[in-house]
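Visitor: Sharing the feature lines straight out of TrEMBL:
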- 171-233: DNA-binding region (DNA_BIND)
- 1-170: domain 'PBC' (DOMAIN)
- 169-232: domain 'Homeobox' (DOMAIN)
Amino acid sequence: SRKHALNCHRMKPALFNVLCEIKEKTVLSIRGAQEEEPTDPQLMRLDNMLLAEGVAGPEKGGGSAAAAAAAAASGGAGSDNSVEHSDYRAKLSQIRQIYHTELEKYEQACNEFTTHVMNLLREQSRTRPISPKEIERMVSIIHRKFSSIQMQLKQSTCEAVMILRSRFLDARRKRRNFNKQATEILNEYFYSHLSNPYPSEEAKEELAKKCGITVSQVSNWFGNKRIRYKKNIGKFQEEANIYAAKTAVTATNVSAHGSQANSPSTPNSAG
């Protein structure tokens, strides 16, 4: 009733205009002098990274661009790589889903709070001067507050993507260092020297050159292989037979080539 009486007072329009004029000359002029804050460079970096990794953006497939780039970088050879790519895409899609779910919650809360504040300001504008500039400024303050909250979400999401990416790249690097050909070479040497599977330093250097890995990696491989072989000899017996057969075939081929080389008769062949 008091509000209604005040709104119906005959002096209300004149007083209200005076208040608007005073406020326009004092408070709003001071606030308007403050320039808008530039876009935070950290926020721009986070947004660009989320776009590059396929977490943010218009597509809803779950980072297919980033997964495709990772697949191309790994060389895309073998079913093991396909499994790793599938696992990488699934985890990246999970991160993307969580990010968008949380982002929608923040945006919904921001919109609801902004609507509530604007309704309050409109209600108060009946009894005190509130210009459209003041409403716009209040809305920008609310958005800035929620933007700082979203920055924390984007930062944690970027960290999760970097952890996932580092794990995937480490696994890819490991596969590249110990490919099938390198494993074949190391296994051939191991089973051909099964009575004493301790290669010399010269042999390690030669194996490292053939496999394209370091000498320390060769040493680690032989150490792990000896431990696994001693723990379960029966399991590796079939593998030992396969490599023994390969060695026998190779030796037979070498001897055959040698006999063919010495086959032409010479005056001293009888001797």
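Note that Cβ sites are derived from N, Cα and C of the backbone, with glycine treated the same way.
Unlike curated entries, TrEMBL annotations are predicted automatically.
Walk me through the surroundings of each of these features.
Guide: The average pLDDT for the DNA-binding region (171-233) in the predicted structure is 82.
According to DSSP, the secondary structure content of the domain 'Homeobox' (169-232) in residues is 50 helix, 0 strand, 14 coil.
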